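TrEMBL has this to say about the protein:
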type     : residues : note
TRANSMEM : 12-30    : transmembrane segment
TRANSMEM : 36-55    : transmembrane segment
REGION   : 84-118   : region 'Disordered'
COMPBIAS : 88-108   : compositional bias 'Basic and acidic residues'
TRANSMEM : 123-143  : transmembrane segment
TRANSMEM : 155-178  : transmembrane segment
DOMAIN   : 183-269  : domain 'Wax synthase'
TRANSMEM : 234-255  : transmembrane segment
TRANSMEM : 293-313  : transmembrane segment
Amino acid sequence: MGKIVPKGKLRLFSLIPVVCLNLLFPLNLHTMHLQGLTAFFIAWLANFKLLLFAFGKGPLSDPFLSPPLFIALACLPIKINETPSPKPLKDHNKENQSPKTSQNDHSEQNPSPKPSQKGLKSIWNYAIKFLCIAILLRLYGYSEHLHPKLLWCVYSLHIYLGLEILLALVAALARALLGMELEPQFNEPYLSTSLQDFWGRRWNIMVTRILRPTVYEPVLHTSSRVIGRKWAPLPAIFSTFMVSAIMHELIFYYLGRTRPTWEMTGFFLLQGVSLMVEVAIKKAFSCQWRLPWIITTPLTIGFVMVTAFWLFFPPFLRCKSMDRGFAEYAAMGSFVKDVCTALTFKSLNNVTTV
């Protein structure tokens, strides 16, 4: 299409039917995992990439992409690693960065552990996380004996570990089929030293990269003309989190098919406003002194977790995502068990016949 339809309004208009079909697709699925995956991959990421493509931007605008690679990049949370990760920008360029691709909060005076940036992580990393998920699943059997807040902590770990392993599997599959080098979707968010670090460099990196060109940069450009370059990132931050909130509400509608309560929106707007305050303080006082990471990391993760308990998890639990997920796990386990039993029985019969 890129070679047939010129970029701009005409290409955008021609893509509207595809965008609408992508929005309707998750509504025709009936399992939680398929609904969640298609809502995230198709209704959100693919549509935003298509909007960028309409104006000749984004990963889909490369004229040399083959149709299979075009579809893979559109529908999967992947990105080709063609160049090494750029070095952190200097202080005088920090205002050019988005909230979801925020400035580097690690300075020479405030070092903290930095995870590897080289594509998929080691097999041991994922093996340990898979083992942790197995332990968490075992804990659910004792849920009636656990304090509700502790159970929510278990849910938090389950969501993070499950997403990381699931996205890694999808990325590995695309890598095997298409021969691409892929970046990790998470960057050890439990090591975050600030909200900028958490939302910009570590949590759900593909969403970070899709929100920056589609929301943050256009609002930043417009705001710069009105309030100046120094403070323009603040409305851009708020707009980015507003769009993220709307898309999360849409995903939870796909999962629960119930009227939204807007608690999810409250969570992301609270994160956005808090990030605006953090950025404003740094700009106003030009802070050179930073607290050590051993203090800022617990404060950052604690804030995200407490606000998630307050606003994120209630709608998540009301749509019975965990119960449905466990039921699907059980059904899949039963199916695999039946297949293995049948194959074993068939092998024994063949041996007996010989």
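Every residue, even glycine, has its Cβ placed from backbone N, Cα and C.
Across the domain 'Wax synthase' (183-269), the prediction's mean pLDDT works out to 90.
Non-local neighbours of the transmembrane segment (36-55) in the same chain are 2, 7-8, 11-12, 15, 18-19, 22-23, 25-26, 29, 61, 73-77, 166, 206-207, 210-211, 213-214, 247, 250-251, 254-255, 321; each lies 6+ residues outside the stretch with a CB under 8 Å from one of its CB atoms. Here the domain 'Wax synthase' (183-269) is broken down by DSSP into helix, strand and coil counts: 65 helix, 0 strand, 22 coil.
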